[in-house]
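Engineer: What follows is a single structure, and I will ask about it in a moment.
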Amino acid sequence: MNDNYMINPKKELSQCFIHSTDITDKIVNYAGNISNFSIIEIGPGLGTMTYSILKKNPKKLISIEKDSRLLPIHDKIIKEFQGKYEFILSDALDIDLRNIAKPPVKVIANLPYSIATLLLIKWINYINFFHSFTLMFQKEVADRIIAQPNNKNYGTLSILTQLFADVYKMQDFGPEIFSPKPKVFSSVINIVVLPQPRFDVNYDKLRKIVKITFNQRRKMIRSTLKQITNNTDEILHSLNIPNNLRPENLSIKQFCDIANCI
């Protein structure tokens, strides 16, 4: 569909293009019904996923792309889907998505891996704006997002995401679906936002606690919490949390309980 455009992927932008519409159709299908939703795509690249989204007739699709070389491709798509497609030439990290789309909103994207985690953390700050996310991550990052306690992948991303959403891994993909082929495997996950957070907690306080404890994840929780409070032993005792546990052993609720005591 874009054979006339010879675009060499830029390594500094983490560009890995998906050429197969069979793959992008499958990813978009994982997002479920999109006909009544505003859809946001990050890093549309050559437009393969863009076409897959537009074929499912969303209320509107807005794509954010940093690489100006891709403008001719997307100008063509804009003309083909008049009124349905908007293209924004910008860095997604600089945009508050609340300013460009009207709810209900779903995000569907093959994220640039170099900024994928930063984007997710940014969106969590206003996650109630979204209905859901269907996102391609590096498999290692996806495994961290969906991890449960007592798992080596469990950490900050797991807790902050799952406080606000149900998370599901939909499919793993090998490097062969991309051009150029990355050195890592990839995964598509669905993040479905809950009507309310699982637990009542001050998010900024929770984030600080989680960040400090998981930065020293091999240390016992009683040791790392002393960087935040002088009442570590009393707090853990009042919550019936053994003080010899490591952060990966604590549930999201236990972290929220600790935050509410500090």
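The backbone N, Cα and C atoms fix where each Cβ goes, and this holds for glycine too.
In case it's useful when we look at the structure, here is the feature table from Swiss-Prot:
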| type | residues | note |
| --- | --- | --- |
| BINDING | I18, G43, E65, D91, N110 | S-adenosyl-L-methionine binding site |
Engineer: Inside 10 Å of the Cβ of D91 (S-adenosyl-L-methionine binding site), count up the other Cβ atoms and send me the figure.
Structural biologist: 12
Engineer: Determine, from DSSP, whether E65 (S-adenosyl-L-methionine binding site) sits in helix, strand or coil.
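Structural biologist: In three-state terms, E65 (S-adenosyl-L-methionine binding site) counts as strand.
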Engineer: Would you identify the secondary structure of N110 (S-adenosyl-L-methionine binding site) according to DSSP, in three states?
Structural biologist: strand
Engineer: Name the secondary structure element type, per DSSP in three states, that contains D91 (S-adenosyl-L-methionine binding site).
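Structural biologist: D91 (S-adenosyl-L-methionine binding site) sits in coil per DSSP, no helix or strand.
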Engineer: Return the count of C-beta atoms lying within 10 angstroms of the C-beta of E65 (S-adenosyl-L-methionine binding site), excluding that atom itself.
Structural biologist: 24
